[in-house]
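**Student:** Pasting in a structure now, in structure tokens, and then I'll have a few things to ask.
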Amino acid sequence: MTKEYQDLQHLDNEESDHHQLRKGPPPPQPLLQRLCSGPRLLLLSLGLSLLLLVVVCVIGSQNSQLQEELRGLRETFSNFTASTEAQVKGLSTQGGNVGRKMKSLESQLEKQQKDLSEDHSSLLLHVKQFVSDLRSLSCQMAALQGNGSERTCCPVNWVEHERSCYWFSRSGKAWADADNYCRLEDAHLVVVTSWEEQKFVQHHIGPVNTWMGLHDQNGPWKWVDGTDYETGFKNWRPEQPDDWYGHGLGGGEDCAHFTDDGRWNDDVCQRPYRWVCETELDKASQEPPLL
């Protein structure tokens, strides 16, 4: 029994060897399978781990350098920004100071120009007045040498216009007192006979109530020098003269005066208005005192 089993096993072995010889050598294993088997897989894993570690170290080193460079750039930019802001602020301050200085210089220049213009105007007025006074004095000397028979120029402080001399007061009097003042100067309150004379007088008196030589105290309106009123020049305000009694001063309005716009109005003769004296050039005789 044992021998038979051995024979059978021997036959199986021969059959197996014969079968293997018939099939040929076993096929080679793939490279990946060989690498992943056993110690080779361990070595490959260690190699990859080392490679990854090197890569991580390199990337970390580069990242640290980049962060350091970025930090340096930030500090540089911050310093540059602060420096630029300081410079801009300094320039703004300097610009403001320059602007204020320019404005101050402009104001000083304008003031100097204004003062110079005023000085120039004042100088011209003084020169004009000096020339007028010199001419008047020369005229008066000539009149004295001719025994005062005829005057060819106006006294000092009188203004010549169309062969007449005018004196403009700077204080106020009632109409009758103003009329007496002019008579004492061998003159009369101004008599306006033309639009040209109206403009001349209005220019000198300005917007101030001023007596003229026209009244109706004795009835009809008349000029103090006898000039015909009815046919002569007139420049009344609308609805004037009205001889108004509502002023509460007693009586009506009997004396004429220039108003602030130059037109005429009748008013109470007792009001203290300025006045204008007039005399013909060949009658002017002496200089009145300033009031």
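In case you wondered, yes, glycine gets a Cβ from its N, Cα and C as well.
Just lifted these from Swiss-Prot, have a look:
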BINDING   Asp216, Asp243, Glu253, Asp254  Ca(2+) 2 binding site
BINDING   Gln240, Asp242, Glu253, Asn265, Asp266  Ca(2+) 3 binding site
DOMAIN    161-278  domain 'C-type lectin'
LIPID     Cys36  S-palmitoyl cysteine
MOD_RES   Ser16  phosphoserine
MOD_RES   Ser285  phosphoserine
MOTIF     5-8  motif 'Endocytosis signal'
**Student:** How many whole Å apart are the CA atoms of Asp266 (Ca(2+) 3 binding site) and Asp243 (Ca(2+) 2 binding site)?
**Tutor:** 7
**Student:** Using the recorded Ca(2+) 2 site (Asp216, Asp243, Glu253, Asp254) as reference, state which further residues of the same chain have their Cβ within 8 Å of the centre of those residues' Cβ atoms, listed in sequence order.
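**Tutor:** Other same-chain residues with Cβ inside the cutoff are His215, Gln217, Pro241, Gly252, Cys255, Asp266.
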**Student:** Looking only at the domain 'C-type lectin' (161-278), what is the model's average confidence as pLDDT?
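**Tutor:** Mean per-residue confidence for the domain 'C-type lectin' (161-278): 93 out of 100.
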**Student:** So for Asp216 (Ca(2+) 2 binding site), how many other CB atoms are inside 10 Å of its CB?
**Tutor:** 17
**Student:** Let me check the 10 A CB neighbour count of Asp266 (Ca(2+) 3 binding site). How many other CB atoms are there?
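**Tutor:** Step by step: centre on the Cβ of Asp266 (Ca(2+) 3 binding site), count other Cβ atoms within 10 Å, giving 22.
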**Student:** Show which residues of the chain containing Gln240 (Ca(2+) 3 binding site), separated from it by at least 6 in sequence, have their CB under 8 Å from its CB.
**Tutor:** Arg263, Trp264, Asn265, Asp266
